[in-house]
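Visitor: Before I ask anything, here is the structure I am working with.
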Amino acid sequence: MDSILGKDLTNNTIGRQFKLIKKIGSGAFGEIYLVQSQSKSEFAMKLERSDNKHPQILFEAKLYNYLQGQDQYDKGIPKIHDQGTDGDYNYIVMDLLGQSLEELFNKNHRKLSLKSVLMLADQLIQRIEYIHSKQFIHRDIKPDNFLVGVGSKSSRLYVVDFGLAKRYITKEGHITYKEGKSLTGTARYASINTHVGLEQSRRDDLESLGYVLMYLLRGQLPWQNMKAANQKDKYKKIMEKKQETTPEQLCKGYPNELTQYLQYCRALKFEDKPDYNYLRNLFKVIFILYLLLFQEAFRKQGFEWDYKFEWIQEEITKEEKFLGTAADPKKTAEIPTNIKQINLQTIRTPLLMQYQSRLSQQASQEKKRNSSYSKNNNLNRQMTGLLAPKINNNKDRTRKY
């Protein structure tokens, strides 16, 4: 297969100091290589041809640097180590990361556990919220664009590929509502508003994330593998299937909070600021409900908010086998990934109220022992928000978009 860059660049040196070891990825934009610096440090290098009609790598580099900021806090944005143009190629050199969620999903037989998806959702919403706080929208939320770190950071997610990102807040304020736009992003995960040609805003990144989460849980979305004569017709079929599939249908057999997430995102208006904390707490409440119902049985099977995803558990199991401490699989009960046999609808609110009451009692007792009790109090307020969610409309509520 021909290289997008015109030739294989393995063993070439770019930027005077980075030797290209092997190609590790590619896309419509160009290619990604594992590179080694003169000091033998390894990085990832993204390249495109400098004569590209629509160059994006140098724009991406500026955006990475802007999002990363000056402080050293890890925001889930890869750090840029070098950038520039060398002959026929534009390039950026960034942190070398691990596999993408798509790769890990495929490696795990195209399905992730409910536990993993809930913990992923929390991080993913945080990443999107951070990008939005910097006045940009990503516009291509998909499993391929979230990579895990390496080594001790293998449970941490990083956002990549900002080639389609756009500033939604300008000097004049929020970008204006427009119609008749072409589809930007990946059709499988695009929001319905994106399909019908509306300008994208914060709501669309979050709706796309909802489809990503259900894809990871279900293994497939209803609008996958649509047959059509051309791309335009295929996009139309995907849009129609997406429009006729309600959140309830898409999330059938899974906790109701997943339905609520999509309903919330679809209800947002064009300029609305999403309530990110409410969305994160929706996924945490599923954990709470499961643990209240099954308690020790679930804890023994590892159903805890411990960031031990399938790919991390695999490494732990290898180590346990080496040490002779691995659990007997015959004695390990499977953690259910759905609740088809459990009617949580009738017990959800009482359980949450019970949990909220318990938190209130803990906060009261803590207050008596120590004046520093804000942590439990904050948890109490979070639970109140879960029982009474609301949409934050920061503009005229009468607007239809």
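Residue 1 is the first one shown; counting continues down the chain.
Heads up, the Cβ atoms here are built off N, Cα and C, so glycines get one too.
Not my notes, these are from TrEMBL:
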| type | residues | note |
| --- | --- | --- |
| DOMAIN | 18-288 | domain 'Protein kinase' |
| BINDING | LYS46 | ATP binding site |
| REGION | 363-401 | region 'Disordered' |
| COMPBIAS | 371-380 | compositional bias 'Low complexity' |
Visitor: Might you list, by sequence position, any residue in that chain lying six or more from LYS46 (ATP binding site) with a Cβ less than 8 Å away from its Cβ?
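Guide: Sequence-distant Cβ neighbours: PHE29, GLY30, GLU31, ILE32, ILE57, GLU60, TYR91, ILE92, MET94.
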Visitor: Is LYS46 (ATP binding site) helix, strand or coil when read with DSSP?
Guide: strand
Visitor: Average pLDDT across the domain 'Protein kinase' (18-288)?
Guide: 95
